[in-house]
Amino acid sequence: MSGAALGLEIVFVFFLALFLLHRYGDFKKQHRLVIIATLLAWYLCFLIVFILPLDVSTTIYNRCKLAVNSSPAESNGSYVTLAPSKQKCFKPWSYIPDGIMPIFWRVVYWTSQFLTWILLPFMQSYARSGGFSITGKIKTALIENAIYYGTYLLIFGAFLIYVAVNPNFNLQWNQLQTIGIAAANTWGLFLLVLLLGYGLVEIPRSHWNGAKRGYLLMKTYFKAAKLMTEKADAEENLEDIMEEVRKVSESIKYNHPLRKCVDTILKKCPTEYQERMGRNMDDYEDFDERQNSYPSEKSLAKLHKQVIYSVQRHRRTQVQWQILLEQAFYLEDVAKNESSATRQFVHTFHSQEPENKIIQYFYTPTVEWYWECLLRPWFYRVLAIVLATFSVIVVWSECTFFSTKPVLSLFAVFIQLAEKTYNYIYIEMACFLTIFFLSICVYSTVFRIRVFNYYYLASHHQTDAYSLLFSGMLFCRLTPPLCLNFLGLTHMDATISHKNTQPTAYTSIMGSMRVLSFIADGFYIYYPMLVVILCIATYFSLGTRCLNLLGFQQFMGDSEMTSDLIDEGKELIRREKRKRQRQEEGENRRREWKERYGNRDDSTRSRAVHTDQKESSFSETNANRPLSKYTRSNGRTERDRIELLQDAEPLDFNADSVNDDPLELDSGR
């Protein structure tokens, strides 16, 4: 069992990352390199979160083993024992042999840093580029990232020059490496606290509000009104872009050198627009002699980029609208079935997708009624209370984890109590729940935030390549400082505990932060306290109110604009519901007609087919008899037609003037 736990978690985390990426990405339409890069970034970040508890339990066992093997005189030397030296150490079930974890963390960490700082930004520009060749896309990506990469190189070069000139500094390669890691973790910690402060409040509140009767339905109406506006905007934008494509397609004919670029743009357009803009192959134009203005390749690349973006946005809004309609219909059914006397859940519309027979057998209408109308609100309330308790513990520990005597961080208290009895299962479970809750608060915020239309993670395979790559960048930058924060909360980081104990394998690859004392003793300790201010601001919805004042409509119960949007969304849902009912009634009438008159129509159709077969066989036998009789005359007629066509003179469409007078035509002949 030494390495079995590590192997199982590696496989489990891979399928977890693959499942989430399949939910948000589209494996069929998106580029393979985008899928692979995003999957690798998500996988490495999730892997760090799941493997770190094993590193903690292994480190505690190594400390105990070192304390037992050392004498009392040696115990005050390089390492300080945390337990009596006479106590026997028990090897944890998930023990990882020495030498594996440092190599594992080094590969995972530096691979994630290479992805987030070099590869993923380049792939973002490559994915958004409108170039028509790989070389053109690479060139565009390099130009767009020149400022991005140049800024970091300039800062790093200035720092190296300062260190080389100043005689007081004698930095080695390991210290430079530590400074680079500290800079990356500082940037990640700055963003981590912002996202964590939002998630610690919003996640428990969203579950508590989900238990309120009618709250989710009102919020769905509000979303419907906003989504309809976005949907109409996306359709209008697509129409404008398609009009530009049509003009370009009509101006650049098939003999133009840039026609291949136009064909590439047309392939990205929806099918109905491709049928309208079918190119005219019969119209040949000598573009070299005519003084027409044609668009350049650069302008076509810009148009190509706009087409990709507009089509993706239009498709996403269409899918989201259908999903929101199903959600609204279901919530209306829940509100209607709450007062049902039969205690059986009745759906207004049948599910369009076939349901699993096993689920239908256990999840009966009666079970569904009890869950949706009785148990689910109470379950959400209990879950919200548990999550709120975890949030309070996290906020308290973030403000007091720097105190070692006495130990005020509750997570450190739990780990140290379990460390005295060497209960490794409890240690791993406590570490896993702690870092898992922190990850949920941070990662869920990444999935929820939306930066206009440039970054937006949409489920049901509607996330574009740019947003997927951007999420991979955020995960790779947030995960290392998140793990360091977790180790600080549990006092497993020597920089926080101020003890000369054996560090974990994860902190060993980070190096000693004592090189930058103002970061180790200042920023890492006092900056996380700002999470209290962010939690208070989130609780009173200060960010939501500011966005509402700036014109970005947000769901607020005491706002007049929110009430208007709820009424508008309610009317939209009612309209779509009537349309769906008319469609189902029409399908039911056609089904009843087919069931009632289907047999009669089938017998009539088979009788007609049998008669047609007889007539066709009779006509074929009669047609083969006189074929030789009329073969010569038909051949002569065909030769006469060919001679007439050859004698006809071609019309000159390039003539300066065309004479339409029939009298002059006769006289000319």
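Every residue, even glycine, has its Cβ placed from backbone N, Cα and C.
Now, the feature entries from TrEMBL:
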- 224-251: coiled coil (COILED)
- 582-617: compositional bias 'Basic and acidic residues' (COMPBIAS)
- 618-634: compositional bias 'Polar residues' (COMPBIAS)
- 635-644: compositional bias 'Basic and acidic residues' (COMPBIAS)
- 658-669: compositional bias 'Acidic residues' (COMPBIAS)
- 576-669: region 'Disordered' (REGION)
- 6-21: transmembrane segment (TRANSMEM)
- 33-52: transmembrane segment (TRANSMEM)
- 103-126: transmembrane segment (TRANSMEM)
- 146-165: transmembrane segment (TRANSMEM)
- 177-201: transmembrane segment (TRANSMEM)
- 378-396: transmembrane segment (TRANSMEM)
- 425-446: transmembrane segment (TRANSMEM)
- 466-489: transmembrane segment (TRANSMEM)
- 523-542: transmembrane segment (TRANSMEM)
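If one looks beyond the transmembrane segment (378-396) by at least 6 residues along the same chain, the residues whose Cβ comes under 8 Å of a Cβ in the stretch are 196, 200-201, 203-205, 207-208, 210-211, 408-411, 437-438, 441, 489, 531-532, 535. Under the criterion of 3 or more C-beta pairs below 8 Å, with sequence separation of 6 or more, the transmembrane segment (425-446) and the transmembrane segment (523-542) do not qualify as touching, having fewer than 3 such pairs. Ranking 33-52, 103-126, 146-165, 523-542 by CB pairs under 8 A with the transmembrane segment (466-489) puts 33-52 at the top. Simply put, out of 33-52, 103-126, 146-165, 177-201, 177-201 has the most Cβ pairs sitting under 8 Å from the transmembrane segment (523-542).
Outside the transmembrane segment (177-201), and at least 6 residues removed from its termini, the chain residues within Cβ reach (under 8 Å) are 113, 117, 159, 171, 391, 394-395, 438, 440-442, 444-446, 474, 477-482, 484-485, 510-513, 515-516, 519-520, 523-524, 527-528, 530-531, 533-535, 537-539, 543.
Sequence-distant contacts of the transmembrane segment (33-52) (same chain, at least 6 residues past either end, Cβ-Cβ under 8 Å): 6, 9-10, 12-14, 16-18, 20-21, 25, 27, 104, 108-109, 111-112, 115-116, 119-120, 123, 127, 431-432, 435-436, 439, 465, 468-469, 471-473, 475-476, 478-480, 482-483, 486-487, 506. Mean model confidence for the coiled coil (224-251) is a pLDDT of 92.
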